[in-house]
Amino acid sequence: MRIPFTKMQGAGNDFVVLDETQGRFGLSTAHYRLLADRHFGVGADQILTVRPSPAPGIDFEYLIHNADGAEVEQCGNGARCFARFVRDQGLTAKDAIRVQTRGGVIEPQLNPDGRVTVNMGAPVFELAEIPFDATGLQPQTSGLWKKWPLALVDSGHATTVYVAVVSMGNPHAVQVVDDVDTAPVRLQGPLIEHHASFPKRVNAGFMQIVDRSHIRLRVYERGTGETLACGSGACAAVVAGIRLGLLDDTVHVQTHGGTLTISWAGAAAPVLMTGPATPVFHGEINLPDNL
């Protein structure tokens, strides 16, 4: 079957965007893996799918599949690209839309400067809802929050890291490091992602505090690996930093792919994320009917 697509990127986090507003392509997990494959497919961190409104008061449904083909709840950088795509393709005339994801409703807003702001909703701290199993763990208390110990074992070598856990529609474990350039992201990332305390796996964030309004961040994404940027990861890191008493309520997040601005007023307030969303090219790909 021949599938049209648009390649997009937001702060270096890259996506294949599919329009299923006129009908579904019927793609399998293997199809999504092939689309994301950088050697045999188009290449992307995630595959984003646009579907028609599933309910009154909602403009579109937004599906996300990671590079491993698994469907996930949320993708912040993808949400900005989603909003840019539906406007550029004439699927809506609105600057602000309401979008249903598996992780809840989000509200992207196209700004006059070309950037997109996304209301990502309020962070979730209830451990069962993240989900995070803290059985047998003794946390450290810092600021308004707790940091949880995770025992990591690789090739017989054991270490313990302390993480703050939060859901931004998808689960995140954030640790503070002295220098993101030397942080063991590729070693610890997969160990944290698959840690037994996270029954649905987790995104692992490594945050360096530059000052109270500036952090540097690397994220090892669940099902994808390290990416140039992670929007929901940036939101989770800022929320963690604020709750730990380390950050102010508006923070510039520097990633390898660009800078995002994250604002959070605390408590049950929504997290606002602002950043770029850029079309790269349009194309078509032939996919096997049965895969």
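All residue numbers here begin at 1 and follow the chain in the order shown.
Including glycine, each Cβ sits where the backbone N, Cα and C put it.
According to Swiss-Prot, the substrate binding site annotation covers Asn13, Gln46, Asn66, Gly76, Asn77, Asn170, Asn203, Glu221, Arg222, Gly231, Ser232. Taken residue by residue with DSSP, Asn77 (substrate binding site) is part of a helix. Around the Cβ of Asn77 (substrate binding site), the number of neighbouring Cβ atoms within 10 Å comes to 36.
Feature annotation from Swiss-Prot assigns active site, proton donor to Cys75; the stated evidence is sequence analysis. The Cβ of Cys75 (active site, proton donor) lies under 8 Å from the Cβ of Asn13, Gln46, Leu48, Ile64, Asn170, Gly231, Ser232, each of which sits 6+ residues away along the same chain.
Contacts of Cys230 (active site, proton acceptor) defined by a Cβ separation under 8 A and a same-chain sequence distance of 6+ are given as Asn13, Gly76, Asn77, Asn203, Gly205, Leu217, Val219, Glu221, Thr255, in order along the sequence. Positions annotated as active site, proton acceptor by Swiss-Prot, on the basis of sequence analysis: Cys230.
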Margin query: By the count of other Cβ atoms within 10 Å, pick out the sparsest of the binding-site residues Asn13, Asn203, Ser232.
Written below: Asn203
Next item on the list: Note down the number of other Cβ atoms within 10 Å of the Cβ of Arg222 (substrate binding site), including every protein chain shown.
Entry: 25
